[in-house]
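Written out below as structure tokens is the structure these notes cover.
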């Protein structure tokens, strides 16, 4: 992937606009989870060290376009940045006609979704963003799959458009896992439905040496192998699709499962062979034999891509399968990349964040890359790099 990188540019005295992903949860005017801001801090610090006249913008929540709404203001993010950077940070509300920034100063441009034309990516708005800067830096991988004014349009018209360190790192890690994987490559895909992950499964079936399926997705494959899945979440209309994927790909067969009578935190868990599942059972996790077999596969891998838990890990009695998988990934010397909201929650629960080679910041963008789709905000950077 050939893009201009911010790290290679001289930013001294230049007006630099960074599109970051600062879409963080806020409660009572305070940031409640700072992961995305923390991920962006090295980019901000580097630009300031390089002497840039620095502006940064992001969306936050889903406000009505064209209307200011304090609930979705970036003010709490500004307060957080002041503390984190130990320097003054200004919030600019009306900035589309220009904003004064000194070298080494940071100005946060208010929620870009307050601007009319942001989501539709109107040329008028894109040109206004572009006029604010000498260098545009796209550093929000989480929104790279959306062609919006602040992610795509501005990159068309800015004098220079480049990738920030976070975006460049994300593309490098995904490229390493998907485009040039060291083999054997194992992909783990969990989640509740085959239908929502079908393109991911089809794409990975062409790349992975072994494709591990978990969660509700696995139930459809268990049914496709001719077993009873009782009252479990299962897409019976996709059994033929599962059979086709199983025939074309090396998908390890689940041999035992953990079942319960109902979806509840207090329902007792019972380990059963897949052959013994009854009409009243609901499958909520893989059993210990299956988990051990998958852990062995993971330990022999050279590349691991993980998207989605293999059981209802939020309930402790159905968490063991995902825990075993997580610990195997943590112990494996392979290059590992993980992405998707539930996956990140599982990584947090089992405390393995520092043992995964790369944790992707993008949910939808991560999946679209894995599906082999073009990410518009990356495509425009590649186009500009060629020009």
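Each Cβ is built from the backbone N, Cα and C atoms, and glycine gets one as well.
Counting every protein chain shown, 14 other Cβ atoms lie within 10 Å of the Cβ of residue 61 (substrate binding site). The feature substrate binding site is assigned by Swiss-Prot to 21, 22, 23, 36, 59, 60, 61, 62, 113, 146, with sequence analysis given as support.
Under the heading ATP binding site, Swiss-Prot lists 197, 314, 340, 341, 342, 343. Residue 343 (ATP binding site) falls within a helical segment according to DSSP.
Considering only the residues assigned to ATP binding, 197, 314, 340, 341, 342, 343, the longest pairwise Cα distance works out to 21 Å.
In this structure, the binding-site residues under consideration are 23, 343, and the one with the smallest number of other Cβ atoms within 10 Å of its Cβ is 23. Cα-Cα distance from residue 23 (substrate binding site) to residue 341 (ATP binding site): 14 Å (rounded to the nearest whole number). You'll find the Cα of residue 343 (ATP binding site) roughly 19 Å from the Cα of residue 21 (substrate binding site). The distance from the Cα of residue 314 (ATP binding site) to the Cα of residue 59 (substrate binding site) comes to 29 Å.
Sequence-distant contacts (6 or more apart, same chain, Cβ under 8 Å) of residue 340 (ATP binding site) comprise 191, 307, 308, 360, 363, 366, 367. Neighbour counts were taken as the number of other C-beta atoms within 10 angstroms of each residue's C-beta; across the binding-site residues 21, 342, the minimum falls on 342.
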